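Participant: Supplied in structure tokens, the structure appears directly below.
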């Protein structure tokens, strides 16, 4: 019937929508290679050592029997004095996540002990030496429903070769009694609790990842969405993270009327990190800043004076205006983008084409403004790309200008002369103002205490590839 057909139609629409969402292409790609994982492992082990030495542990108690006598004991104020991880390794587990193993680890732990047995009470200090510790952990990585990276414990294996207990203080006969009886309970407690403690720590890390902002503010005009569009793809040599990479105007989170095209990172592994930046990312940024009105620029009287834009200079380009301005007057420019700048990424080149309208006015000695002319212009610029502090910095260089006159209070015999003046005005005043805004950069990553070292940018058809190492400080 009609209702059943309608239901089938909506069901088909839902399936199509889901398939499109599942197959969404990213605007940004991040690849961590084995070199990057090894560096992370080394830094992680050093941070783990520091954290372990500051760790506090709860007291624990137990009861052991010696013949017919029951001995109750309490171990308190546990603190790790030394720890060593002589052999560690990390690897990618295809389709799952990351494996981390620690072999031949050792630790020295000190604590206080207190015992109570019938009519006997005693206390002292204890030194615990653990050696031959082996731990193998597998983390499963995935994407949660909000696009955050999720990390959970997939597997944990543990073995301890030796646990030695040395007691200090108290009566000598109690040393041998307690030393012999404490080693096994301590080994059992470590076997039981170490993996549980690792699981808890990973859950805490996962909770922190969920708090990490996927929508980051760039400046007063725009925000960027770093949410994952799919679960991380784990291979034997690397892990790929596909990020949405859409730039929005602040407070206006409607997707652009275009979608990312598929692109691939190179099959290389020499660098620790590879970042892929699609033209979609740059185009969405162009659209966001256009919608936010950030591309409308006015060269004020103060800026005109700074850049020496005045009617005397104008006369050098267009002699016809000489009779109208006998005294040098500052020249104001009002530029307004009429469409988002067009971004084009080709082999070794990034081109930005700006289309807009311009009004040119003179500031008379009595501080009033006088309209001179207005027209449409198209400026073709070449973008130089650099990386600074995890940000993509874009600097524009004017290559070509086309201008068509709309209105004028003066008669111009040769429009090419007017174009020459505007080219000079854009080159000397407008482009520097734009570059000053662009100098704040577009954040590509948000890694705390980390800098990118030796980044290299390669421009390809439709996307950029940034290969870099990282340094933790």
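Yeah, the Cβs are placed from backbone N, Cα and C, and that goes for glycine too.
What TrEMBL shows for this protein is this:
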SIGNAL    1-24  signal peptide
DOMAIN    31-252  domain 'Lipid-binding serum glycoprotein N-terminal'
DISULFID  156-195  disulfide bond
DOMAIN    267-468  domain 'Lipid-binding serum glycoprotein C-terminal'
Participant: Test of understanding: give the count of other CB atoms lying within 10 angstroms of the CB of residue 195 (disulfide bond).
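Facilitator: Taking all protein chains shown, residue 195 (disulfide bond) has 17 Cβ neighbours within 10 Å.
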Participant: So what sits near residue 156 (disulfide bond) in its own chain, CB-to-CB under 8 Å and at least six residues off in sequence?
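Facilitator: Set apart from residue 156 (disulfide bond) by at least 6 residues yet with Cβ under 8 Å, we have 135, 136, 137, 138, 195, 198, 199.
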Participant: Take every residue in the domain 'Lipid-binding serum glycoprotein C-terminal' (267-468), average their pLDDT values, and give the whole-number result.
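Facilitator: Within the domain 'Lipid-binding serum glycoprotein C-terminal' (267-468), the model's average pLDDT equals 90.
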